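Enquirer: Quick paste of what TrEMBL says about this protein:
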- C131, C133, C136, C141: Zn(2+) 1 binding site (BINDING)
- C131, C142, C169, C173: Zn(2+) 2 binding site (BINDING)
- C136, C169, C175, C179: Zn(2+) 3 binding site (BINDING)
- R201, G202, W203, N270, H271, Y312, K339: S-adenosyl-L-methionine binding site (BINDING)
- C273, C338, C340, C345: Zn(2+) 4 binding site (BINDING)
- 1-45: domain 'Chromo' (DOMAIN)
- 129-187: domain 'Pre-SET' (DOMAIN)
- 190-313: domain 'SET' (DOMAIN)
- 334-350: domain 'Post-SET' (DOMAIN)
Amino acid sequence: MEYYLVKWKGWPDSTNTWEPLQNLKCPLLLQQFSNDKHNYLSQVKKGKAITPKDNNKTLKPAIAEYIVKKAKQRIALQRWQDELNRRKNHKGMIFVENTVDLEGPPSDFYYINEYKPAPGISLVNEATFGCSCTDCFFQKCCPAEAGVLLAYNKNQQIKIPPGTPIYECNSRCQCGPDCPNRIVQKGTQYSLCIFRTSNGRGWGVKTLVKIKRMSFVMEYVGEVITSEEAERRGQFYDNKGITYLFDLDYESDEFTVDAARYGNVSHFVNHSCDPNLQVFNVFIDNLDTRLPRIALFSTRTINAGEELTFDYQMKGSGDISSDSIDHSPAKKRVRTVCKCGAVTCRGYLN
């Protein structure tokens, strides 16, 4: 008869018991146990036949250790997923998935929904004027006051070229929440999944639903720091082989967004030389042109299950930076090999 070692929920390991299969009323856990065992055996010494002796009487310690680690990882990722969904303030749900390795939640990452100013930096999130339109789609609205076109069509898709700023209606406007010029401020509408990539690119983000072309997907948020502080942090990040620095260079180069410790789902979006997301500068309540919000829009139809990517060298102007050290949104001071796999891959992230 087969016996399983059971860890009882809410009880310490000292109360674990061996139970026959007939006593177990947890089909999902048993299926996960079987899957984890199968995955381990298929990963270890591929090509080596598993003889009956290998499966006889007891699990090898290495297999048992892997199954326990995988179970603990699953619990940790579920708790992290629950925390992310408690903290988010947008409609779309966040899921977490790792079927690749034993990596758990990041230890030093804090989910935020909007810019977090570093000490000494003031973000004025209150507009000084607003529109009085009854229909912002047809009347002279906030974009016209700023000297630009309304960014969206009636299907909530962006219709302006990259490099053109988006001016949305703000808290002083008399239009309601259903105004066609309130898109980015409503947050991510799509359910997204943070998943572990299988080709060494760490975590990535995929959509769980179909996204229409030219649609708003997410904002890039993080800690707002000075460019001088970004230079200092950039050197530290280079030594670790990571960076999440995004220059706010719409009009000047005074500030940078650092999403390394504080960020949202965009923290996990990978680079591609052929991306499906495009960067746009957005102004809503804060009209300071030195501090635009960064929005990512789809460049084409993105199918459910497809990974989301943007070009780390893409500037808010819509151009590819020629000098990534000084001007790229994602500052890279050392040559980092690109693993995006695109036909048009440049070979390096910088």
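Using N, Cα and C of the backbone, Cβ positions are placed for all residues, glycine too.
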Enquirer: Looking only at the domain 'Post-SET' (334-350), what are its DSSP counts of helix, strand and coil residues?
Expert: 0 helix, 2 strand, 15 coil
Enquirer: Any same-chain residues 6+ apart from K339 (S-adenosyl-L-methionine binding site) with CB under 8 Å of its CB? Would you list them in sequence order, or say none?
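Expert: N199, G200, R201 - these are the non-local Cβ neighbours of K339 (S-adenosyl-L-methionine binding site), listed in sequence order.
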Enquirer: Which residues, sitting 6 or more apart from C340 (Zn(2+) 4 binding site) on the same chain, put a CB under 8 Å from its CB?
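Expert: C340 (Zn(2+) 4 binding site) has long-range Cβ partners N270, H271, S272, C273, D274, T309.
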Enquirer: Could you say which of the binding-site residues C133, C142, C179, C338 has its Cβ with the most other Cβ atoms inside 10 Å?
Expert: C142
Enquirer: Between C-alpha atoms, which of these binding-site residues comes nearest to C173 (Zn(2+) 2 binding site): C131, G202, C338, C345?
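Expert: Checked the binding-site residues C131, G202, C338, C345; minimum Cα distance to C173 (Zn(2+) 2 binding site) goes to C131.
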Enquirer: Over the span of the domain 'Chromo' (1-45), how high is the average pLDDT in this prediction?
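Expert: Mean pLDDT across the domain 'Chromo' (1-45) comes out at 90.
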Enquirer: What are the DSSP helix/strand/coil residue counts across the domain 'Chromo' (1-45)?
Expert: 23 helix, 8 strand, 14 coil
